[in-house]
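Swiss-Prot annotations:
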- His421: active site, tele-phosphohistidine intermediate (ACT_SITE)
- Arg511, Arg578, Glu680, Gly701, Ser702, Asn703, Asp704: substrate binding site (BINDING)
- Glu680, Asp704: Mg(2+) binding site (BINDING)
- Cys751: active site, proton donor (ACT_SITE)
Amino acid sequence: MSNNGSSPLVLWYNQLGMNDVDRVGGKNASLGEMITNLSGMGVSVPNGFATTADAFNQFLDQSGVNQRIYELLDKTDIDDVTQLAKAGAQIRQWIIDTPFQPELENAIREAYAQLSADDENASFAVRSSATAEDMPDASFAGQQETFLNVQGFDAVLVAVKHVFASLFNDRAISYRVHQGYDHRGVALSAGVQRMVRSDLASSGVMFSIDTESGFDQVVFITSAWGLGEMVVQGAVNPDEFYVHKPTLAANRPAIVRRTMGSKKIRMVYAPTQEHGKQVKIEDVPQEQRDIFSLTNEEVQELAKQAVQIEKHYGRPMDIEWAKDGHTGKLFIVQARPETVRSRGQVMERYTLHSQGKIIAEGRAIGHRIGAGPVKVIHDISEMNRIEPGDVLVTDMTDPDWEPIMKKASAIVTNRGGRTCHAAIIARELGIPAVVGCGDATERMKDGENVTVSCAEGDTGYVYAELLEFSVKSSSVETMPDLPLKVMMNVGNPDRAFDFACLPNEGVGLARLEFIINRMIGVHPRALLEFDDQEPQLQNEIREMMKGFDSPREFYVGRLTEGIATLGAAFYPKRVIVRLSDFKSNEYANLVGGERYEPDEENPMLGFRGAGRYVSDSFRDCFALECEAVKRVRNDMGLTNVEIMIPFVRTVDQAKAVVEELARQGLKRGENGLKIIMMCEIPSNALLAEQFLEYFDGFSIGSNDMTQLALGLDRDSGVVSELFDERNDAVKALLSMAIRAAKKQGKYVGICGQGPSDHEDFAAWLMEEGIDSLSLNPDTVVQTWLSLAELKK
């Protein structure tokens, strides 16, 4: 790739690959790598060219400006924000005032003429690509400039000059010093690429891994209307999608979760260049905010491209994509190694021990907890108010904020999604962040003490006061063998990918209640009879079901997503999903639920479980749950999902519920379907062999079994000290159940609280020959290791 014997000043993307990072920087080298190697595999990258590091170095050398730059940097205190700002501004002005050498200007002119030959009105993106950028140990997130909708050769030339100057942005100078890079060893390449008309469609960022947990079996995609800069900066709360890779590879529907973002604003082309700007920000019409910015087919298509890119690079990738509004085609406009998870880590578990008044909530970044006094920062001029340990509260951050972000104990923003700047840097620094809160800067007051918790799932909470929390560290690579399986109880799909990274042998209890309560929130009957509801209730439900075609589809679709997330997280290990076990008072608390539920004196012993499923008043609601399970197993192919029936009072009820399941298309044994029964009523143990005729095994619910064996209300504080699963009467019932299952060669596990709380009880169950213990995630490692010690 020589040019008249000297190093070329400009290279086309299709001449480049990853071995050219030192010539054109990580960003441009990666674009070249994809055009050269992945074009035939369905990965589309817009064409373009790059100026080389030689071109940049010659530009600085020939003008002599480099000497002045390095002298000024050597005598600047980088940690003094004022000094840094003054030096940075001076250096950037020197570069902008320096003319290009004629050879470089001509080389850019020739390449530009070729790239715009088919359309003289073509618009371009001009991006920076630093030669040290996108190395896996340094996330230069957004540290240099990007110019969009640049039209005409003169405008491209100006943009390239500004890109060169951006190597000396305050944040870039500060970052290099703190990461140990020598300023003299870093050069800049400008990439000039044809624009994808995503101003007329949507764009976003995707990762070939779950960014929060490091779980590598999903692609995580974010999307919003307009140009991608809004998502990258965190100026909008985007739509989010998770796609399961093994399901995608099997050519099945693979989207396991969709979350609609508010998408309030978008960046589009400015009709005329306003104030020298080629783009403008405008409000998104309400009807577009209320729908997803990608179709399911487009989400799957993007995920396929992400998988191809990850496979080619052999590592998790962070990818920017754009959809062309004219052609509908999806393009990849950037790909770099995903920085945070590439580092390797010790497993840390943060636990909040109490909860206070919630001041704000948004998207949780990471799984940590931080606490301290609030500092509301309205703009960058107030940066120096941040002291170490403060909770930084602001509208949104950009890379200029990095020097102070590392001082914060937590970060809270009004705007942004999980791929915004604040999120990327918070992960890198290991600081909890709650982004996209909407009005945190108004609700949180300077100086008040708060606790910021990201340890409770996808939603992050800001609580009033300093609350008590703890952190456990463990780095367990391989677990010792036991004569039983250690499984997990999981209710919240938001935490599934995180929990799947713990040592485990599947899920012994996945509860539907959390999904119905938190992801749906509406009584199933109120949805089935939507047209009969009061207008006010209809409006409330419409607001909740945005993104779904009908009330019925909202219930089935959300349940499907929740179950699929749990199934995908632990695939191919077994995931036993217990169908809904709400009591009548809990169903009544759902939106629209009051008119459909009986008022019972003791709901714990009332209308629940199997009896509810087969009753005329609930059968068609139960059918919705069955439909969701069928979609997960039959359409998506997640046949590791099994179902469990709670609170089966009589053998006749057992027979009736299994027949009802078959009527709904869930026939025992078909497509490998296993149906497990909760063994949680004394009658279940006393007549265990008869109950087992209808099921593939038992999962012991020790909470209800204890309550019913000892005649205790487990919700009553008055008798709570008598509640103990280790009571001999309870153990006698459990022994009967275990022996009966063993005799018939059927599965028997336990999913009650007992073995998580009492290691001696877990040890007794192991001696009894139980097949599995399903434990709370925070006790899995400890209980597993303790039982292994006993077996020695």
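These residue numbers are counts, starting from 1, taken along the chain as shown.
Every residue, even glycine, has its Cβ placed from backbone N, Cα and C.
All features noted in Swiss-Prot, drawn onto the structure.
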residue: Arg511; record: substrate binding site; contacts (Cβ under 8 Å, 6+ apart): Asn489, Val490, Gly491, Arg578, Asp581
residue: Glu680; record: substrate binding site; contacts (Cβ under 8 Å, 6+ apart): Pro646, Phe647, Ile700, Gly701, Ser702, Asn703, Asp704, Met705, Leu708, Gly752
residue: Cys751; record: active site, proton donor; contacts (Cβ under 8 Å, 6+ apart): Met487, Asn489, Gly508, Leu509, Ile576, Met678, Ser699, Ile700, Gly701, Ser774
Among Ser702, Asn703, the one of these binding-site residues whose Cβ has the fewest neighbouring Cβ atoms within 10 Å: Asn703
Most distant Cα pair in Å, residues Arg511, Arg578, Glu680, Gly701, Ser702, Asn703, Asp704 binding substrate: 15
Cβ atoms near Arg578 (substrate binding site) (within 10 Å, other residues, all chains): 24
All-chain count of other Cβ atoms within 10 Å of Asp704 (substrate binding site): 23
Neighbouring C-beta atoms (10 Å sphere around the C-beta of Gly701 (substrate binding site)): 27
Three-class DSSP secondary structure - Ser702 (substrate binding site): helix
Cβ neighbour count within 10 Å of His421 (active site, tele-phosphohistidine intermediate): 25
Substrate site, defined by Arg511, Arg578, Glu680, Gly701, Ser702, Asn703, Asp704: further same-chain residues with Cβ within 8 Å of the Cβ centre: Leu509, Asp581, Pro646, Met678, Ser699, Ile700, Met705, Cys751, Gly752
